[in-house]
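**Q** Below is one structure. I have some questions about it.
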Amino acid sequence: MMWGNWTIVSEFVLVSFSTLSSELQALLFLLFLTVYLVTLMGNILIILVTTADSALQNPMYFFLRNLSFLEIGFNLVIVPKMLGTLIIQDTTISFLGCASQMYFFFFFGAAECCLLATMAYDRYVAICDPLRYPIIMSRKACAQLAAASWFSGFPVAAVQTTWIFSFPFCGPNRVNHFFCDSPPVIALVCADTSLFELEALTATVLFILFPFLLILGSYVRILSTIFRMPSAEGKRKAFSTCSSHLLVVSLFYSTAILTYFRPRSSTSPESKKLLSLSYTVVTPLLNPIIYSLRNSEVKSALRRVILRTLGPQKL
């Protein structure tokens, strides 16, 4: 459709992995479908176990449940459409569908950055100020921190998405990605986007770099406190309570920073797709694995839940 000198784009085409052979796309479909199902089951299991077991009713596992909910939402936004492009070659996505996907991608991404920073603060208080931990991290305070983390995703998602889709699109309409991310969509705009790109950089610093710096500062204080502990057993326990979160943060932020803070000229579309797969597909899969395999409390709680559900005579 034409409007003045502009083409009104009613749908976009996701290039996804269309450059690969059909056989390789079928293999990728099976791989990503398996990862997707395992991710959903793993995060649902984390939610159920930390909810059902009385020993896990503390702030650390409350925030872990919220993280699992975020990972499920993050996966639902990205992976089903990607699977459709691989198996039935359904590469088109409506204008509204693209905007909705981008909105929820921004929402869950910003909320996860803030929640990871909140979890680092929880570990900081637990290790650096243990006597006041029950007071500082009360049930009300935890609920407020979790709500603030979730709410942080709304303004950035609303501003970014509304601004991008208020620009004119005059064709072509091929998005060189497997989902509607901001850089490949903004590349299709037929207008000056310099002001938006400045705002996007500011938002990226606020919602990716600033929480990362808060996490980094928390762990500097945590490590300083741990190294001053006289007991080797105390050091071991303190490290064990932080190691899972630190590993998850490292996986998430390393790929996010490489994706959004590298110069455009040094990043090819294909390498950006691989980096995006890391934080949209791989990290949500690894989070429940890391927290269950590296956490003795979660493993013990899982055994107790299974025993209560099946009964010892059935195991």
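Every residue, even glycine, has its Cβ placed from backbone N, Cα and C.
Okay, so TrEMBL annotates it like this:
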DOMAIN    42-291  domain 'G-protein coupled receptors family 1 profile'
TRANSMEM  26-50  transmembrane segment
TRANSMEM  62-83  transmembrane segment
TRANSMEM  103-121  transmembrane segment
TRANSMEM  142-165  transmembrane segment
TRANSMEM  201-223  transmembrane segment
TRANSMEM  244-262  transmembrane segment
TRANSMEM  274-293  transmembrane segment
**Q** Counting Cβ pairs under 8 Å that are 6 or more apart in sequence, does the total for the transmembrane segment (274-293) and the transmembrane segment (62-83) reach three or more?
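**A** Contact between the transmembrane segment (62-83) and the transmembrane segment (274-293): present, because at least 3 Cβ pairs are under 8 Å.
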**Q** Which bits of the chain, at least 6 residues beyond where the transmembrane segment (201-223) starts or stops, bring a Cβ under 8 A of a Cβ in it?
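**A** Distal contacts: 109-110, 113-114, 116-117, 120-121, 123-124, 127-128, 152, 156, 159-160, 238, 242, 246, 249, 253, 256-257, 260-261.
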**Q** Below 8 Å between Cβ atoms, which of the listed ranges 26-50, 62-83, 142-165, 244-262 makes the most pairs with the transmembrane segment (103-121)?
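**A** Answer is 142-165, with the largest number of Cβ pairs below 8 Å.
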**Q** Can you tell me which parts of the same chain pack against the transmembrane segment (142-165), counting only residues 6+ beyond its ends and a CB-CB cutoff under 8 A?
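**A** Sequence-remote neighbours of the transmembrane segment (142-165) are 59, 62-63, 66, 95, 98-99, 102-104, 106-111, 114-115, 117-118, 121-122, 182, 185-186, 189, 196, 199-200, 203, 206-207.
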**Q** Going along the chain, which residues at least six beyond the ends of the transmembrane segment (244-262) come within the CB cut-off of under 8 Å?
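**A** Contacts with the transmembrane segment (244-262): 67, 109, 112-113, 116, 119-120, 123, 204, 208-209, 212, 215, 219, 272, 275-276, 278-279, 282-283, 286-287, 290-291, 294-295.
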